Every structure is written in C-alpha cells, then in structure tokens.
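The block underneath contains the structure these notes are about, expressed in structure tokens.
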C-alpha cells in the first residue's frame, strides 16, 4: 500500500530530505534518470547518501543504493534500519534493481526500503519482501557453497 509520509515520523522525515538531496547530485548524462538514496544505520542518526553515477560503458555505472551503502560501509556502518530511494518517476514507485536488492541483502533482510514517487508518496517493504528466499552471509556460514562441492 502506498502512502504519504506522516509528519510525526521524525527519523523518516530526515531520511526523506536526504534522499531528495542525493537525487539532485545524480550523474546521469545518458539516461537523464536521476536516482538518490539515503541509508540510516542502526544506533545512528547519521544518514549516508548516494546517487546514481553513469558511465559511457553502461555496465560500469553505479546505482544510488549501492553508492549509499558503500559510502556507509566506508564510514564504518554495516547494520541498517532503512534505505529511502527517490527518483523523478510520477506514475510508479522507484524500485531497486535485482543487483541492488542482493547488495542490500548482504547487510540483512529485515530492514526497511522506502520506494517513493516524485509526489512524496511511498511504498514500504523489507529487503526480505523484495528478495524472498535469498542467499546471504548466513548461508555461507552454514557451510553451504553455491559453487560446487569444494569447502570454503
């Protein structure tokens, strides 16, 4: 279900403003598709942001979600409460691509993902809802090996 951000959600309001500012920094000369993201780490009030960064060699571009999470990790944060994603889409909510969903999953499956429209409405899902039956760090710790029968 989509909804507008309630005024009484202090932390959510802040993450919202940070994702919108990050979108303004997007480097997208080819697609003109601006995306910004802001992550909120557990036990923190710091919002780390990222934007999409395109490259002439298209596969080398970076998504906003990966940029924001990488920036957070480089600052010492690896546990997250939420990520909010903004774009200029009017008719549908901005949704993370498959690679970003797996990238988010690396840092847990029970954190919130706010997917927004340009009018401020959003859809809230967890990483697990976006990537059900996912493969993550716990699977490797259990001795599962997705690459044959060798021991890790």
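Including glycine, each Cβ sits where the backbone N, Cα and C put it.
Feature annotation from TrEMBL assigns domain 'CMP/dCMP-type deaminase' to 10-138. Annotation source TrEMBL lists substrate binding site at 52, 53, 54, 55, 56, 57, 58. Residues or ranges marked as Zn(2+) binding site by TrEMBL: 63, 97, 100. The active site, proton donor feature in TrEMBL is assigned to 65.
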Neighbouring CB atoms within 10 angstroms of the CB of residue 56 (substrate binding site), all protein chains considered, total 8
Should one count Cβ atoms within 10 Å of each candidate's Cβ, the binding-site residues 53, 63, 100 would be headed by 100
Across the domain 'CMP/dCMP-type deaminase' (10-138) the predicted model averages a pLDDT of 94
Whole-Å Cα distance, residue 52 (substrate binding site) to residue 97 (Zn(2+) binding site), is 12
For the residue listed as 'active site, proton donor', the closest of the binding-site residues by C-alpha position, picking from 53, 54, 55, 56, 58, is 53
Note on substrate: the CB centroid of 52, 53, 54, 55, 56, 57, 58 has further same-chain residues inside 8 Å, namely 30, 60, 61, 62
Students should find that the Cα atoms of residue 53 (substrate binding site) and residue 97 (Zn(2+) binding site) sit apart, in Å rounded to an integer, by 15
Around the Cβ of residue 58 (substrate binding site), other Cβ atoms found within 10 Å total 9
Top of the binding-site residues 52, 54, 97 by count of other CB atoms within 10 A is 52
DSSP puts the residues of the domain 'CMP/dCMP-type deaminase' (10-138) at 43 helix, 34 strand, 52 coil
Looking only at the binding-site residues 63, 97, 100, residue 55 (substrate binding site) has its closest CA neighbour at 63
Taking all protein chains shown into account, the Cβ-based neighbour count within 10 Å for the residue listed as 'active site, proton donor' is 27
Not counting 63, 97, 100, residues with a CB within 8 A of the CB centroid of the Zn(2+) site are 64, 65, 66, 96, 98, 99, 101, 103
